[in-house]
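One structure below.
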Amino acid sequence: MFKPPFVKSLLLAALLASPVAQAATAYVSNEKDNTLSVIDLETLEVTQTIEVGERPRGIILSKDRTKLYICASDSDTVQVMDLATHKIIANLPSGEDPEQFSLHPDDRRLYISNEDDALVTVVDTVSHEVLAQIEVGVEPEGMAVSPDGRWAVNTSETTSMLHWIDTETHELIDNTLVDQRPRHVEFTKSGDRLWGSSEIGGTVSIINVASREIIKKLNFQIRGIHPDKIQPVGVKLSADGKYAFVALGPANHVAVVDASSYEVLDYLLVGRRVWHMEFTPDQKYLLTTNGVSGDVSVIDVDDMKVIKSIKVGRYPWGVVTLE
Amino acid sequence: MQLSPYTIAFTGILKREFLRFIHQRTRFLSALVRPLLWLVVFAAGFRAALGVSIIPPYQTYITYETYILPGLCCMILLFNGMQGALSMVYDREMGSMKVLLMSPLPRSWLLFCKLIAIALLSLAQVYAFIALGFLVDVEPPLIGLLTVLPALLLTAVMLGAIGLFLSARIRQLENFAGVMNFVIFPMFFLSSALYPLWKMRESSEWLYWVCSVNPFTHAVELVRFALYAELNLEALLITAGTTLVFTVLALLGFNPEQAAHSKGR
């Protein structure tokens, strides 16, 4: 007797819920607008703009992809947004001016670089407590935790070093000197290599994680663009291990690198001052945030072509995608 | 059956134009050299490696080479249209056109055939040019190569008609240098072929205005959109309208009665 209406409502709920759940979405932080832009990855259009804290920069997803962590730099906090409701549910004590951060594979410890204080703050996302503050070089910026969870690597822009932090003891174990102004680090999936960009040096260093030494340095040259403008920032490695993409800042190009031979294959023209990137969940597209032109360029990874640039807010900075 | 003399005239004229075309291989090459110089040398000197801002029909940032390709395609049509029309003037006075015009068929038909013949041969040059564009990484979508065909044909007829109209009306323009200075250059430079019109507007409002009433601008935009499989309706209407007006005016100009009438006056 009760079954039919119950089943019906269940079906209806499933019908209503499925398009929302299946349409892949991108979230982009707009540094100057204090907002996030939500992009529908089917139509490649902005569907929503959400107000968040001041100067949102780095953004990352929780491992279960239900929460978004936002570095609200000028609010001196890391905000936690519930992705189902788009409401801020917590403000984490991040230390001053959080810019980039990385989540430990345990889904609890968040490693945050505090640009103004030369510190890395470790926050427990469950208890909301600061677990440690580690002194690093001047102007810490990039942050990455190794896939096995052993290392947290921070880059300091002025000291031009990569700082290796042991995640057990929260102590700084080693430093690797790289070219000027390291901005971003990214571990390979296997965790045995680390890619780090140097903005002023104009290079990307590939580091052997076991020895913490540079094994290869990449240089970039684009015909018709002055070398000073080639400033590598964001680095993204494709899941299949074939390619690395390097965002070249004011050169308005993304370099495509063969991840095994380290050869630069191509340069793709995107918007102005490109900084960070993210793949769509199916790895079909790579999204780039172009700060000065205020848009997100979409690269078709199979064709290696830029297919569209989507207008978002002012100075887009970080980007994440989810199913 | 009744149409057959018309068809014979058309194929005859087309065949003749085609023969002339393959006999003058240098003309074919020189028609390619001009736009290639723009594409390779001028665009390199312009140094827009950092990208041209997004304007429709482009979905993202493009290189300057990509931007000027449709304009250069139209440039080929512009030179060929004007050259073809001028050669017709000489032909009429001393060459084969004189024989042709003795045909009992209406002159309007013969001229129309000639216009279409010139247009079709110009298209071959445009496609050769687009193919060379792929060498410098200007790669419009392949479907665009098909959709651009009607746009190119209409543009070719429009420019041929304008050329024909001018050659019939303005005697002083009979030498090509005059046409270059007073028709081809102004039409080409005062258009969206080399720079987006918003850029023109930033420097001068009246130049922008002149550019936007120039039918060549609309032909370029029609071709630009068609090359990306899109229709720019406004550009199509203006180009088609201009084609119609100048075709009628050109045919009137070549009408012997009309000519005799105006001479008598």
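A Cβ is built for glycine as well, from the same backbone N, Cα and C atoms used for every other residue.
Annotations in TrEMBL come from automatic prediction, not curation.
Taken from TrEMBL, the feature domain 'ABC transmembrane type-2' applies to B:26-257. The transmembrane segment annotation in TrEMBL covers B:36-55, B:67-90, B:111-136, B:142-166, B:178-198, B:235-255.
In summary, the transmembrane segment (B:67-90) does not lie against the transmembrane segment (B:235-255): fewer than three C-beta pairs, each 6 or more positions apart in sequence, are under 8 Å. Sequence-distant contacts of the transmembrane segment (B:142-166) (same chain, six or more residues past either end, CB-CB distance under 8 Å): 73-74, 77-78, 80-86, 88, 111, 115-116, 118-120, 122-123, 126-127, 130, 173, 179, 183, 215-216, 219, 222-223, 225-229, 236, 239-240, 242-243, 246-247, 249-250, 253-254.
Sequence-distant neighbours of the transmembrane segment (B:235-255) (same chain, 6+ residues past either end, Cβ-Cβ under 8 Å): 107-108, 111-112, 115, 151, 154-155, 157-158, 161-162, 164-165, 168-169, 215, 218-219, 221-222, 225.
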